[in-house]
Amino acid sequence: MQTPSGHPVGSTSAARLVVLASGGGSNLAALLAAHDAPGYGARVVGLVTDKPTAGALDLARDAGIASAVVAPADFEDRAAWDRGVAEAVAVFRPDLVVLAGFMRILSPSFLDRFPGRVVNTHPALLPSFPGAHGVRDALAHGVRVTGCTVHVVDAGVDTGPILAQVAVPVLPDDDEASLHERIKVAERALLVETVGRIARDGLRVVDGRAVIG
Ligand code: GAR
């Protein structure tokens, strides 16, 4: 796949990753820790956040990675904010856009700008428990096993083709925080591994299924 930056995903030069995050950024930190490894195949080149207070901004700054804050309050309406996010991402010429704890839904017009090149990490085993409270909803349902999912983003909420999943057991005395922390340990490893595989081998969606390689 040839991308606007001119980098064929799956080639030997590092794919350009733009990370979107709203929170503390432990998934961003995991990508930053991985991207110097020889042969990883991808490099974080920019962070875009909707939250001026996101901890992810500090991580990016400390790593020397450029960032942009695109706060909804600074835009006239939702459509203008959507365009603002797309512009902020496009400046970094991404080969792959990684939603790592980005807590807003992106519009179809955003996805059209980066077709088949936006992936998301979600703290549940999709298609169960989509949305903003995947950990809380799984706990409330009483499941014994939950986990995390990395998937290609489509126009739905956490409905896109699944790339990879890891199961995490729910322990009897888990609360939302303890369960989420254990999921995030698995999630960081899964995200780093999956993004690296995409960067090295390429990503296609065939008949609604995500295929790496
Ligand atoms: C992650 O668990 C991610 O899956 C979740 O937010 C957390 C961000 O952690 N995202 C969602 O719930 C999106 N629906 P981080 O800021 O430490 O990377």
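Cβ coordinates are placed from backbone N, Cα and C, and glycine is handled just like the others.
Among the candidates Arg78, Arg136, Arg144, the residue that TrEMBL names alongside Met103, Arg104, Ile105, Leu106, Asn120 for the (6R)-10-formyltetrahydrofolate site is Arg78. The separation of Asn120 ((6R)-10-formyltetrahydrofolate binding site) from Asn27 (N(1)-(5-phospho-beta-D-ribosyl)glycinamide binding site), Cα to Cα, is 11 Å.
Leu106 ((6R)-10-formyltetrahydrofolate binding site) carries neither a helix nor a strand DSSP state and counts as coil.
Annotation for Arg104 ((6R)-10-formyltetrahydrofolate binding site): spatial neighbours Ser22, Asp50, Pro72, criterion Cβ-Cβ under 8 Å with sequence separation of six or more. All protein chains considered, the CB of Arg78 ((6R)-10-formyltetrahydrofolate binding site) has 12 other CB atoms within 10 Å.
Residue pair Met103 ((6R)-10-formyltetrahydrofolate binding site) / His122 (active site, proton donor) shows a Cα separation of 10 Å.
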